Amino acid sequence: MARDARKRTSSNFPQLPPAPDDYPTFPDTSTWPVVFPELPAAPYGGPCRPPQHTSKAAAPRIPADRLPNHVAIVMDGNGRWATQRGLARTEGHKMGEAVVIDIACGAIELGIKWLSLYAFSTENWKRSPEEVRFLMGFNRDVVRRRRDTLKKLGVRIRWVGSRPRLWRSVINELAVAEEMTKSNDVITINYCVNYGGRTEITEATREIAREVAAGRLNPERITESTIARHLQRPDIPDVDLFLRTSGEQRSSNFMLWQAAYAEYIFQDKLWPDYDRRDLWAACEEYASRTRRFGSA
């Protein structure tokens, strides 16, 4: 691998340069679990370049000042994808696993620095006990199965969500992945499990109320910044681009505080059919928009 293989093309265009034609491509996603290709060792112990898309398409050139810094995705459509094929809903979730890794690769190629993925919401506990049990075990196993690969790519993995009801084994695997990747800085992936925007704001409000009751905080001095500091991950930047797959047009209680001024793009593909080229297309549309943040 050339010394400058991961070097960005320009400070104004943060995309990775096109990969060499013989560089590994993302694996066939028709079987599960997908076997990730062996990547050439990175020079000087740095992160590996992601495998290129099977089409060998390169990330579009988008200037840094037009590129979303933080993309949040509601990964919707796994169940419908399976139902359309006469399969159990769990099969759709399985096929969505490879898409998560492909999207991470595409985000790295494009130069996105923050990616938040809605893996399990606080409302998903309402699903059948069988599906909930599957999703708990599945999320635990996905993190365990993919953390080494993501570490090699320079991904920092973090869990965002609430502890009540969440399986201890899931929390443990997320903690291991977070510790393993804490020094990585290519991209941060917030893996949101047992997450709800209203729950997050409620928890922040409860903690602020405790501080007021203890005399540590003057209620007259509470500001938006006060609330932001008490969110589950205070350092998460505001969402720039909010994506939802499957054609549904709603936020489903995801990143309510952080996405206050996000650009929303709803894409029709079901999550198992989605790939990095769809992410790139959404980012190109984002780049064409004018963000006013309430101004004229």
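Just so you know, glycine gets a Cβ as well, placed from its N, Cα and C.
For the ranges 1-24, 217-240, the feature annotated in Swiss-Prot as region 'Disordered' maps to 1-24. For the pair W125 (substrate binding site) and D76 (active site), the Cα-Cα distance reads 16 Å. The most densely surrounded of the binding-site residues G79, G294 is G79 (count of other Cβ atoms within 10 A of its Cβ). Reported as a whole number, the C-alpha separation between D76 (active site) and T122 (substrate binding site) equals 15 Å. Separation of the C-alpha atoms of G294 (substrate binding site) and E263 (Mg(2+) binding site): 13 Å, rounded to the nearest whole number. Each residue contributes its Cα atom, and for S252 (substrate binding site) and N124 (active site, proton acceptor) these two points are 11 Å apart. The secondary structure of T122 (substrate binding site), as reduced to three states from DSSP, is coil rather than helix or strand.
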